[in-house]
Amino acid sequence: MATLQLLRAPLLCVLLWVFCAPGARAHDHGADVHHGSVGLDKSTVHDQEHIMEHLEGVIDQPEAEMSPQELQLHYFKMHDYDGNSLLDGLELSIAITHVHKEEGSEQAPVMSEDELVSIIDGVLRDDDKNNDGYIDYAEFAKSLQ
């Protein structure tokens, strides 16, 4: 259970990081979860270098000219694969597993399906304030505060 909470924080962080760094392009980068026991990890979302990697070729604005809020928005959009301005369980799953792979070493244990489901359920429970089964941008931004 503690492992799930630790992975949840990195998922949310990755999401925040993508939104906060210019030059990040839509890519399969995950989000960190960290919000109390479950949620977005602010440090990952604010990792400008990683976000810029993903926005390269997508955003022409220099990273120095982007506000943290602009970076957060780009990070969010980067993980919104279907373009509906909402993050669903599958999009959260992709973000989480991407972060798990990047942060772990080659010997990092594979996350089980049950662990992944538990993390996603925790993110939705803690951050989906209107209980619609999705994380919208307002909920995403609020979870990073």
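For all residues, glycine too, the Cβ spot is worked out from N, Cα and C.
Feature annotation from Swiss-Prot assigns signal peptide to 1-26; the stated evidence is sequence analysis. The domain 'EF-hand 1' annotation in Swiss-Prot covers 67-102 and rests on sequence analysis. Annotation comment: Swiss-Prot describes Asp80, Asp82, Asn84, Glu91 as Ca(2+) 1 binding site. Summarising the annotation, Swiss-Prot assigns phosphoserine to Ser105. The domain 'EF-hand 2' feature in Swiss-Prot is assigned to 115-145. Sequence annotations record features per position, and here Swiss-Prot assigns Ca(2+) 2 binding site to Asp128, Asn130, Asp132, Tyr134, Glu139 based on sequence analysis.
Structural mapping of features recorded in Swiss-Prot.
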residue	record	CB count, 10 Å
Asp80	Ca(2+) 1 binding site	20
Asp82	Ca(2+) 1 binding site	10
Asn84	Ca(2+) 1 binding site	11
Glu91	Ca(2+) 1 binding site	22
Asp128	Ca(2+) 2 binding site	17
Asn130	Ca(2+) 2 binding site	9
Asp132	Ca(2+) 2 binding site	11
Tyr134	Ca(2+) 2 binding site	18
Glu139	Ca(2+) 2 binding site	20
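When the alpha carbons of Asp132 (Ca(2+) 2 binding site) and Asp80 (Ca(2+) 1 binding site) are compared, the span between them is 16 angstrom. When pLDDT is averaged over the domain 'EF-hand 2' (115-145), the result is 94. A distance of 14 Å separates the Cα atom of Glu91 (Ca(2+) 1 binding site) from that of Asp128 (Ca(2+) 2 binding site). Ranking the binding-site residues Asp128, Asn130, Tyr134 by Cα distance from Asp82 (Ca(2+) 1 binding site) puts Tyr134 first. Across the domain 'EF-hand 1' (67-102), DSSP helix (H, G, I), strand (E, B) and coil residues number 26 helix, 2 strand, 8 coil.
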